[in-house]
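Below: one structure, written as structure tokens.
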Amino acid sequence: MLRASLRQVSAALKEGQVTPTELCQRCLSLIKSTKLLNAYITVAEETALKQAEESEKRYRRGQPLGILDGIPIAVKDNFNTAGIETTCASNMLKGYIPPYNATVVQKLQDQGAVLLGKTNLDEFAMGSGSTDGVFGPVRNPWSYSRQYKEKSVPKSDSEREEFKWVITGGSSGGSAAAVSSFTCFAALGSDTGGSTRNPAAHCGVVGLKPTYGLISRHGLIPLVNSMDVPGILTRCVDDAAVVLGSLAGHDPKDSTTIQDVFQPFELPSLPDVSKLCIGIPKEYNAPGLSSEILSVWSKAADLFKNAGAKVIEVSLPHTRYSIVCYHVLCTAEVASNMARFDGLEYGHRSDVNKSTESMYAATRREGFNDVVRGRILSGNYFLLKQNYENYFVKAQKVRRLIANDFVKVFGSGVDILLTPTTLKDAVPYMEFIKEDNRTRSTQDDILTQAANMAGLPAINVPTALSERGLPVGLQFIGRSFQEKQLLTVAKWFEKQVKFPMIQLEEVKGA
Amino acid sequence: RLASPRPPPAITAPSGGAETRVVGLEIHAQISSNSKLFSGSQVQFAAPPNSLVSFFDASLPGTLPVLNRRCVEAAVMTGLALNCSINKKSLFDRKHYFYADLPAGYQITQQRVPIAVNGSLSYSLCIDNKMSQMVTKTVRIKQIQLEQDSGKSLHDDSRSQTLVDLNRAGVGLMEVVMEPDMCCGEEAAAAVRELQLILQTLGSSQAIMAEGQLRVDANVSVHHPGEPYGVRTEVKNINSIRFLAKAIDYEIQRQIEELENGGTILNETRAFDSKLGCTVPMRDKEGMQDYRFMPEPNLPPLILYDTKSLPANVNHQQVVNIDWIHERLPDLPSAKRAKLVELYGILPEHSFTLVNEDGLTEFFENVLKQTQMKPKKVIGWILNDLLSYLKQHSCTVKESPVSSVLLADLLNLLEKKEISASAAKQVFEELWKGEGKTPLEIVKEKQLQLIEDREELEQICQAVIDEHEKEVMAIKAGNQKIVNKLIGLVQRATQGRSNPVLVKQILEKKLSE
């Protein structure tokens, strides 16, 4: 039952094959038995069961609120949830209980979804591994899959299993792991430079980054206000469309959401791609791209060709500048967004009280990890009066060039771009932590980052297993606000590749 | 775009010295609105601490700013009233600094492109402190920008702590920047007073300095004529228009003396100490602050329309139309004054006082409606009698114990010659006590009515003539002016109850016999 898709289980609820309470209890039980994954920071058991109970009453009356009624979901811990601790995996917000729900959380609640808990992430969503939060790293459920175990060759007898577990990718690793390990049917992540698509690729789930301005950011604790979007993680493309339908639309509380009325859509059951033009950006054959993924990408292009679609090579010439441009703009916004954490109104407050300034300094040193502090310092440097033109303004100009690359390509008849999502499959944690966060982010964000610069919708679709038995995904990038077309193509592709279900074995240490 | 020409060097102020004085002003006016600039919490003076704070005002993570339409309209109104160009596209920025009363660690303001630019404000001054000669001056308005107000910090030094009240955090402000076209405290005070009247007329701000709704910082420098501008200081902590003039004049004098003694002026911020009447350096603003300005990413550019550019199928709730606002601007103080002068034939300086005093114009016009006395005569009673009593007792026009009805009654008695002018003054004094008596009642009570009986008058006049032989002889010798003395004596004898014109008639008749 837990392996079913969201739509399937929703139908089962409607038919009474399972009750919301049973469903909720099973998910909670699975969360407990997969605790080692460390996907959840907070499990809201009591409130979840209450919500399930309410849902059950509605089903009994024959009045469910909709397709999401009674469906267990998880939410990344950088979304505000009223009455439920929201930490951003940081000491700064440990114990912080928000008095309001993020708009997307409220929408899910209004649809009757059951909130199981808050998922783990890199501190303040800064990172590409979900390893740099104060609650420890998230383990990729595929580390405990038969597929991975069969393929993994122990390097030595003394090597413990402990050392072989792989990362989820990040920063929405907890959400990706939660969906991948069947503890919930959908999860919310956030995506600023790839934070939903990257872990989706590594965990073998669908990760959707919607167009900037389609879904409200009110209540999402920001990383980069001009690039953040709430992300959707599900086990199949149809499920992502359902969740998108319940979340998208103008929010008066978020002035960056578009005013147009959003029409939820259902995807065709037999999508047709023969009339489409698929673009393959040559710059996405980036340095470090594994030959494995290159081959998967190439096979995918062939699939489209054989189905009658036009597949052409295109160029997005400014791709190679996107990382450094992102670094300047991201750190600048981070420096600004983190200025509010001073210990006065909420969150951690240092005991140092010689003066206000010393309290601020100690609070921020104690509350933030190295990654956050590093970005704040960089960001403040770029925003100094003498540097502003050369860094911030320059980066904004380059951003415009990157966005224009896409405009040109989409304007020349290309409907969808097909690219890899990550450079390679998930690496073991012990290997990942050998490089610092900044280096890792620079490497890992390269294929996902430009879509955030340009505000475009993009989706990771799990495609195949690597030689190590780990998921490899491919990314589709679409035109602004053309989620329907994007998801239609993604659904077609999903049907073609028939990505295998994870054979999850017992999740336990050696 | 050409900058408007720099006005000629200012006239040197009475304190002497050959230096050119340069005074500019940065004025923060709190917008009169129900809710704050970017959030829905209420705007209210003197509410219990931290009772008007929304999640956004407290900078709770994840909250976003939503622009208040009323604040935009207030800024457009003000810009139009100050002859500014309204920028159809303006932008919001973040200005970063750490302070306890700034929860987000930054203020949202308009640094790059403000909502209005390049305006002007005309104001009038009396020369030589007499209301007899007024001169009109103009100060250029550099810009008007929308920005957030901060909260309030109260320093409790005895407990080494600071108490923070966020009620004011996020309230909408219009920052009005006046170019350094002024040359002394008096000019600055007059300019600010006129701005205050304009804002109050528009309703865009109540502009009461005592309640912090209007805050003025002055930029002051001096230099020798023909030489480049001197280093300027910023003077803050000025709580009234009177103190504004004092602070500026003190600072000008301080700078002149400092330079004359061979010292230098530091580019610093100074606070005005109203008790000591001087400016002192402010501790916290040491060093140059880099505010690390950055565009506010959560607010798209503010687009305003006029009738020409208004898109056809737009929701009128969502747009601000500059022309629509322009059409509905009320009469500004200068227009009101001109109208009063034209309608009633009063002097310009009279119109200034009328418009300057809250409710006085209305009072004046209400009296006019109920009396036949000419406006030129009524105005004297309003400005000399009513206003001086009000000032003496620190009353506002609204609090006046003498209503327009009562004053009109009184003036009617005077106009119908039932009492003399001096008697009327006595009645006024009685009315002021506010015991509820009508003028007629007071006149009867104190027996102030003019003597109607000609015979009685003639008798009194005769008595005065008889008692003042010397004066009579002087008159008969040709000195007509002495008649006035006799009239005065008759007035005294009748306790002000004689009609001076009639008395003069009778006296002259008798003297010529």
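Yeah, the Cβs are placed from backbone N, Cα and C, and that goes for glycine too.
Annotations in TrEMBL come from automatic prediction, not curation.
Per TrEMBL, the features are as follows:
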- A:Lys76: active site, charge relay system (ACT_SITE)
- A:Ser171: active site, charge relay system (ACT_SITE)
- A:Ser195: active site, acyl-ester intermediate (ACT_SITE)
- A:26-487: domain 'Amidase' (DOMAIN)
Using a Cβ-Cβ cut-off under 8 angstroms and a sequence gap of six or more, which residues of the chain neighbour A:Lys76 (active site, charge relay system)?
A:Lys118, A:Thr119, A:Leu121, A:Ala125, A:Ser172, A:Gly174, A:Ser175, A:Ala187, A:Leu188, A:Gly189, A:Ser190
With every protein chain in view, what's the tally of Cβ atoms within 10 Å of the Cβ of the residue listed as 'active site, acyl-ester intermediate', excluding that atom itself?
36
Coarse DSSP state, helix versus strand versus coil, of A:Lys76 (active site, charge relay system):
strand
So, in DSSP terms, is A:Ser171 (active site, charge relay system) helix, strand, or coil?
coil
Using Cβ atoms only, which residues of the same chain lie under 8 Å from A:Ser171 (active site, charge relay system) while being at least 6 residues apart in sequence?
A:Leu121, A:Asp122, A:Ala125, A:Met126, A:Gly127, A:Ser128, A:Ser130, A:Gly189, A:Ser190, A:Ser195, A:Pro199
